[in-house]
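Asker: There's a structure below that I have some questions on.
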Amino acid sequence: MHAYLHCLSHSPLVGYVDPAQEVLDEVNGVIASARERIAAFSPELVVLFAPDHYNGFFYDVMPPFCLGVGATAIGDFGSAAGELPVPVELAEACAHAVMKSGIDLAVSYCMQVDHGFAQPLEFLLGGLDKVPVLPVFINGVATPLPGFQRTRMLGEAIGRFTSTLNKRVLFLGAGGLSHQPPVPELAKADAHMRDRLLGSGKDLPATERELRQQRVISAAEKFVEDQRTLHPLNPIWDNQFMTLLEQGRIQELDAVSNEELSAIAGKSTHEIKTWVAAFAAISAFGNWRSEGRYYRPIPEWIAGFGSLSARTEN
């Protein structure tokens, strides 16, 4: 069967701190075109690789990878809330297959996800519940982080499993590209924030969640005025990364350490490993070609914003 892929940056700042209307129209047009291509493909199953931002995963237990056998989106920053339509038996079979391939994949029957999962489903499929989905969390902010090599191997294992299903499979990678918004770090946290990072942040009071969101919005507004206030975006790195993906050279990223990536492009750039997993997965279906490449640095969203599709040729 055929597979399709789309990787897309996300930002909680969409609708809160937006770029000029012409830029917004351009991005919306790119997303609309991707949505049309996906609709024409008519996926029967979605595999969504996405990160978390201390909304569902915490330091009480922080896996490098986790497959949601059941998952619920919390609706942060105005994103869609509700249950994701996970096919339980298929998710369980996927977990077993990945484990047998040598990848230690955690599973959760009550995975809590945020805008990192919700936005791509909203933007590209029109909602959380449109197509059965296997949601795969990849840790992109909480050290110690998985590296490129292990993430690639995860994608390959999931790709091999889904290639046996006789279904039209859509792989989505969500996050990146270069960026470093104000995300708390355990090593620098005060007592209150440390408690939140250790797990109490899973059920934040509404007032505290609003304050947290406002801090991100304020940081974006300052970044627009002075891009020295946060780690700068890195369009050169972002475009080099997208070229590696397009050329099927993702294995070259194995040599890039987590420390090097953080220094080059920002500490939240590790979200791009969702793109690596997606491209590794589609490779299990045979030859593919990329299409629909788009990139623009958008300071208002504190992100090097990218969009890239691929389709199998067999």
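The backbone N, Cα and C atoms fix where each Cβ goes, and this holds for glycine too.
Below are the features I grabbed from Swiss-Prot:
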{"type": "ACT_SITE", "residues": "HIS115", "note": "active site, proton donor"}
{"type": "ACT_SITE", "residues": "HIS179", "note": "active site, proton acceptor"}
Asker: Given the residue listed as 'active site, proton acceptor' and the residue listed as 'active site, proton donor', what distance in Å do their CA atoms have, once rounded to a whole number?
Answerer: 16
Asker: Let me know the DSSP-derived helix, strand or coil state of the residue listed as 'active site, proton donor', please.
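Answerer: Its secondary structure by DSSP: helix.
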Asker: What's the number of neighbouring CB atoms sitting within 10 A of the CB on HIS115 (active site, proton donor)?
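Answerer: HIS115 (active site, proton donor) is surrounded by 26 other Cβ atoms within 10 Å.
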